[in-house]
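As given in TrEMBL:
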- 1-14: compositional bias 'Polar residues' (COMPBIAS)
- 88-244: domain 'Sodium/calcium exchanger membrane region' (DOMAIN)
- 276-414: domain 'Sodium/calcium exchanger membrane region' (DOMAIN)
- 1-32: region 'Disordered' (REGION)
- 152-177: transmembrane segment (TRANSMEM)
- 189-209: transmembrane segment (TRANSMEM)
- 230-251: transmembrane segment (TRANSMEM)
- 271-295: transmembrane segment (TRANSMEM)
- 307-334: transmembrane segment (TRANSMEM)
- 340-368: transmembrane segment (TRANSMEM)
- 375-394: transmembrane segment (TRANSMEM)
- 400-421: transmembrane segment (TRANSMEM)
Amino acid sequence: MASLQDLENGNLKGSSKETRHGRTAHNMSSSSLRKKSDLTLVSKVRCGMLRHLLTNLQEVILGTKLTVLFPAIPLAIAAECYGFGRPWVFGLSLLGLTPLAERVSFLTEQIAYYTGPTVGGLLNATCGNATELIIAIFALWQHKIEVVKYSLLGSILSNLLLVLGTSLFCGGIANLGKEQKYDRRQADVNALLLLLALLCHMLPLLFRISAASVSLTEVPTLQLSRVSSIIMLLAYITYIIFQLVTHRQLFEAQEESEENGDDLSEETPVIGFWSGIVWLVGMTAVIALLSEFVVGTIEDASESWGLSVSFISIILLPIVGNAAEHAGAVIFAFKNKLDISLGVALGSATQISMFVVPLCVIVAWILGIEMDLNFNLLETGALALSIITTAFTLQDGTSHYLKGLALLLCYVVIGGMLFSYPRHHRAMEMPSIWESSPLLESLELNRACPFEG
């Protein structure tokens, strides 16, 4: 197997130790859902090409504990082609996205063995939230701005409150007799960038509210959002350099002090470089297809299930789409490896808020679509309180189950608020505080009826 890969790819980049230290929290989290493949039968196949193909199929398709969800992909395609119920297409597409997201993480890790830890980390940073980005692009293409904003907001909230809260709660329960600690420096960096993203979200909202007329601020708000998005992307590029080059040691995933056979097997690539590239392109194409199904059927699912589009976009899409990564974060919290859990939750939230959201604004700008960073008062308020609550929770470098429970309860309250939304809820135009101001009415009355001598 190794000789076959060497013929396909040449030498591996870096030693196994260097490659191991180049793994990110996302890679470590997804690896918890993988299973070791038994290649005994495949190795007996005499034809080299067929043996290589079967090996790839077994490693990529059967090398995960989520293999049982792969049949949802052809079922979703069949449901779309043969005109089954649109809610069925939506549900099956969501289930099919779950193993695909985990496999993309697996493939980027495999490619990283040949490109080195820096390029591999950059690839993982780009593809880490590929599902959310692709769904957002298709929603933009169909001019569903609300779906874009709601889905990305839901991804941030689920990472900060649901994933992090569940990890801290389960880790605290499983390690009651131990003091759980983590590296505050990584958490501080992510919290700082999240606060920067929050500032860029709040300024367009405050700008529109404080103006004398909403119509006068529509174009300036859009321009402010586009400039802020460019600044956010520049800040994210700096963050990538900080993470992969200058301060890589802050973001290295925890490793076991004892090295056994299982650890060594994880340090060896199981598929070749070009095989990984082909599989990654193919998986991305399937994700794009299912994302198009999800975006096209979300309103039908809302009507059929009696749920608002905002609830489905903010709650259901992030939970199902990133279930594999979330489950991995909780598993490592059980093992008292909070640095990995925090790297998954905070890293994903930072990537979405500082990269995916501003990128969508820029893409919408290129497509001639007016998308700004104003997520409306209710949604922006929930985002602000979630970021501030998370920052306060992680300020001392220690954890217990009560912190996780508090974050989970915050998520439940936000979910309850979204569940109570009307099914046909649409974001209303934010009125200016001056349009219904009693002071303004009094001034207009005095202007019409001046004081009598």
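Here, residue 1 is simply the first one shown, and the rest follow in order.
Glycine residues also receive a Cβ, built from the backbone N, Cα and C atoms like all the rest.
Listed by sequence, the residues of this chain that lie at least six past the ends of the transmembrane segment (307-334) yet keep a Cβ under 8 A from its Cβ atoms are 26, 28-33, 64, 66, 94-95, 97-99, 101-102, 105, 131-132, 135, 146-147, 150-151, 153-155, 157-159, 162-164, 166-168, 170-171, 174, 294, 298-299, 301, 340-341, 344-345, 348, 415, 418-419, 421-425.
Taking every recorded stretch in 152-177, 189-209, 271-295, 340-368, 400-421 and counting its Cβ pairs under 8 Å to the transmembrane segment (230-251), the highest total belongs to 340-368. Counting C-beta pairs under 8 angstroms (sequence separation of 6 or more), the transmembrane segment (375-394) fails to reach the transmembrane segment (271-295), with fewer than 3 such pairs. Residues 129, 132, 136, 194, 313-315, 317-319, 321-322, 326, 329-330, 332-334, 336, 338, 341-342, 344-346, 348-349, 352-353, 356-357, 360, 375, 379, 382-383, 386-387, 389-390, 393, 399-408, 410-411, 414 of the same chain sit 6 or more residues outside the transmembrane segment (152-177) yet have a Cβ under 8 Å from a Cβ within it. In the domain 'Sodium/calcium exchanger membrane region' (276-414), helix, strand and coil residues by DSSP number 115 helix, 2 strand, 22 coil.
Beyond its flanks by at least six residues, the transmembrane segment (189-209) meets 160, 217, 220-221, 224-225, 228-229, 231-232, 235-236, 239, 242, 250, 346-347, 349-350, 353-354, 357-358, 372-377, 380, 383-384, 387, 390-391, 394, 430, 432-433 of its own chain at Cβ-Cβ distances under 8 Å.
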